[in-house]
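**Q** Sharing a structure below in structure tokens format, with a few things to ask.
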Amino acid sequence: MPRRIASISLHTSPLEQPGSGDAGGLNVYTVEVAKRLAARGVATDVFTRATRPDQPPVVEMLPGVTVRHIPAGPYGALDKSALAHYLCPFIFGVLQAEADNEPDHYGLVHGHYWLSGRAGMAAAQRWGVPLVQSMHTLAKVKNLALAKGDTAEPEYRVRGEEHLVRNADHLVANTAVEAGQLVEHYGADPFRVSTVPPGVDLDVFSPGSRRDALRRIGLAEDTEMLLFVGRVQRLKAPDVLLRSAAALLERDPSLRERLVVAVVGGLSGSDYAQPRRLAELARSLDVADIVRWEPPRSRAELVSFYRAATATVVPSYSESFGLVAVESEACGTPVVAARVGGLPTAVRDDVSGVLVDGHDPADYARVLERLIREPARRDALGAAAVTHAAGLGWEATVDGLLDVYRGTLVEERLPVASGQ
Ligand code: UDP
């Protein structure tokens, strides 16, 4: 096994609070994996773009987990389309950092998201080590399921991903569905794709009294709370939850006194341009009085929200896995999710939650109404959700990744394919 690996997360730092902008599941993934790799004797340096002048170049995040800030382009958040222009200085910074750190070579590069993969490819070639690549999301797949009003992923990303698929020594998919998409849409060699599902921190996310949790977040014990957690963007469809709540109230107006919709997270993606969009929608649907807008919360704080909820709702148009779904399940709260992407892996239909076809608010309202009307069923789903999540701990993810790393290190290096 390598003693040290380079993990590349160009567009978002593991030191950021997840839940807004570009910080989300990928940040959680890199930290959770790196800290467990460190416990097994593999140190990780996470390379990310510097976004503030006061960031030290090197931060020891945890024992065995180092974050390296690489100056590339102007400080501040940059749109992903702008980031592509700063790949060269980023790659230069990564190579420079390794040169300064010469005695402790990286044995392998793991790229997260296509932009990081492009940088990782250059570094891995220069160092003569394998590149393992996790795409996390795929442009072609995203473009097939765009939310109304969302912009399509650009052609240069598609071409960049195709080139990466040809050149990475091994690809890691979050689910078998994503592995299939890599083969079907990108022509990946199935023998160079492994499925390693992400996980959940079972020490942090655990079941507990719903009543206590409701009290802790300042709500009455008889509240029925519908929960959205994540980056507020069209792709994740928080508007579908608001519309479902309105439909639910239409079916049963008496629920208004105890129904709460909690939206935990900050703006992201195209929603930056329209920060009032959802609040205005809530007003036009006449549900503004029951919606609680919460800023991004720490993982410890999220536990109370998950435990307090009647259900966590994940109506996304596209989702490579959906960590939020598994975190909710680990806290004993069933998930009502769209049957897309990795969500059918994260949620077992009619066992740990309910999968809904499509995004019709009436369908979600029907499912939610039944969970509220039949508390025994809701509790049974919640109990089964805990069992389901127990099989998805990060330790299993790290087992899978170490298998991939080992396998890649004994394989012959691929010749670099021509192209971009
Ligand atoms: N998250 C958080 N605080 C928030 C909202 C979200 O820590 O206020 C975390 C959440 O717990 C989860 C991650 O952000 O671990 C989101 O991951 P997910 O896979 O659901 O979505 P992604 O961001 O990858 O699209």
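The backbone N, Cα and C atoms fix where each Cβ goes, glycine too.
According to TrEMBL, the feature 1D-myo-inositol 3-phosphate binding site maps to HIS11, ASP22, ALA23, GLY24, GLY25, LEU26, ASN27, LYS80, TYR113, THR137, ARG157. The UDP-N-acetyl-alpha-D-glucosamine binding site annotation in TrEMBL covers GLN17, PRO18, GLY25, ARG231, LYS236, ARG297, GLU319, GLU327. TrEMBL lists TYR306, ARG307, ALA309, THR333 with the feature Mg(2+) binding site. Under the heading domain 'Glycosyltransferase subfamily 4-like N-terminal', TrEMBL lists 24-199. Taken from TrEMBL, the feature domain 'Glycosyl transferase family 1' covers 215-385. Taken from TrEMBL, the feature region 'Disordered' covers 1-21.
Any idea what these are sitting next to in the structure?
**A** Long-range neighbours of GLY25 (1D-myo-inositol 3-phosphate binding site) (same chain, six or more residues apart, CB within less than 8 Å of its CB): PRO18, HIS136, PRO198, SER320, PHE321, GLY322, LEU323, VAL324.
Taking Cβ-Cβ distances under 8 Å and a sequence separation of 6 or more, the neighbours of ARG231 (UDP-N-acetyl-alpha-D-glucosamine binding site) in its chain are GLY19, SER20, GLY21, ALA23, GLY24, GLY265, GLY266, LEU267, SER268, GLY269. DSSP assigns ARG231 (UDP-N-acetyl-alpha-D-glucosamine binding site) to coil, not to a helix or a strand.
Using a 10 Å Cβ-Cβ cutoff, THR333 (Mg(2+) binding site) registers 28 neighbours.
Long-range neighbours of the region 'Disordered' (1-21) within the same chain, counting only residues 6 or more positions beyond its ends whose Cβ lies under 8 Å from a Cβ of the stretch, are 27-28, 30-31, 33-34, 37, 41-49, 51, 59, 61, 65, 67, 69, 72, 77, 80, 83, 87, 90, 94, 98, 104-113, 115-117, 119-120, 123, 129, 229-232, 264-268, 296-298, 402, 405-406, 409.
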**Q** Just the binding-site residues from ARG231, LYS236, GLU327 whose C-beta lies under 6 Å from any atom of ligand 1, please, or none if there are none.
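**A** Near the molecule: ARG231, GLU327.
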**Q** Which of GLN17, ASN27 has the fewest nearby Cβ atoms, counting only those within 10 Å, among these binding-site residues?
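**A** Comparing Cβ neighbours within 10 Å for the binding-site residues GLN17, ASN27, GLN17 has the fewest.
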**Q** Anything within 10 Å of ASN27 (1D-myo-inositol 3-phosphate binding site)? Look among the binding-site residues GLN17, ALA309, THR333, comparing CA atoms, and list what you find.
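**A** Qualifying among GLN17, ALA309, THR333: GLN17.
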**Q** Looking only at C-alpha atoms, tell me how far ARG307 (Mg(2+) binding site) is from GLU327 (UDP-N-acetyl-alpha-D-glucosamine binding site), rounded to the nearest Å.
**A** 10
**Q** Which one is it: of the binding-site residues TYR113, ALA309, THR333, whose Cα lies the shortest distance from the Cα of GLU319 (UDP-N-acetyl-alpha-D-glucosamine binding site)?
**A** TYR113
